[in-house]
Amino acid sequence: MKEYNLNDTHLLQLDSQKDPIALHTEDLHVFYGDNEAIKGVDLQFEKNKITALIGPSGCGKSTYLRSLNRMNDGIANSRVTGKIMYKDVDVNTKEVDVYEMRKRIGMVFQRPNPFSKSIYENITFALKQHGEKDKKKLDEIVETSLKQAALWDQVKDNLNKSALALSGGQQQRLCIARAIAMKPDILLLDEPASALDPISTGTVEETLVNLKDDYTIIIVTHNMQQAARISDYTAFFYMGKVIEYDHTRKIFTRPKIQATEDYVSGHFG
């Protein structure tokens, strides 16, 4: 495969006065033992926008995403250095309450992972764990979350039904509803439609576009068409580094870096 100069990069710098920043990383490195999976990534994520992370398998995009709310903490021999700045706080420090932080920076995984409970209990379980006991308030949160995830009309008459009986696409939207029930500011999604059929994928994409009015969304995807359709910004990862970061339309029509152009045009990956 063609070799690229990894120092040849183009990273858009957002103007925080005009483009409010929800989250940014500074010189972020992620190690698994002696293997450096992420090599000094600086990225800014604009509030209430969708940012897509793209790149070939093994480039580090999912590792980077998981580092943003410290999901890598539970992996043996993993180590993260650098800053993950959220509301002027570096969440990559021992002083941060990780459990509370993950309420603000939620995560939806590649494969739907509903609890083996009812649809209603999937939404309310974490809320109850945090002390919410008011039945009326819980009912309101369930309805609001399911409506935002475009699932309410399909399940409103069967909230006591097992979540495992839902279709794959419905399960993934339930997982999105479960995440937003905690009222996060940021929603991280790791290839949320990769296991779904085209119709379900389209529904999830439409849901995410509608959600950005209330949430900042960062999504890993292997689907170039998906990134082009729904994201405002795109970051191209390659060999643990961000090679190019820009408005999505520029990444897909006028990339500045040869490696980016070769990847989005299908020459490798």
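Residue 1 is the first one shown; counting continues down the chain.
Keep in mind that glycine also has a Cβ here, set from the backbone N, Cα and C atoms.
Positions annotated as domain 'ABC transporter' by Swiss-Prot, on the basis of sequence analysis: 23-264. Looking at the domain 'ABC transporter' (23-264) alone, the prediction's average pLDDT is 95.
Positions annotated as ATP binding site by Swiss-Prot: G55, P56, S57, G58, C59, G60, K61, S62. The Cβ of P56 (ATP binding site) has 15 other Cβ atoms within 10 Å, all protein chains considered. In the three-state DSSP scheme, P56 (ATP binding site) falls into the coil class.
Listed binding-site residues: S57, S62. The one with the lowest count of other Cβ atoms within 10 Å of its Cβ is S57.
For G58 (ATP binding site), the count of additional Cβ atoms within 10 Å of its Cβ stands at 13 [all protein chains shown]. Using the Cβ center of G55, P56, S57, G58, C59, G60, K61, S62 for ATP, the list of other same-chain residues with Cβ within 8 Å runs, in sequence order, T63, F237, Y238.
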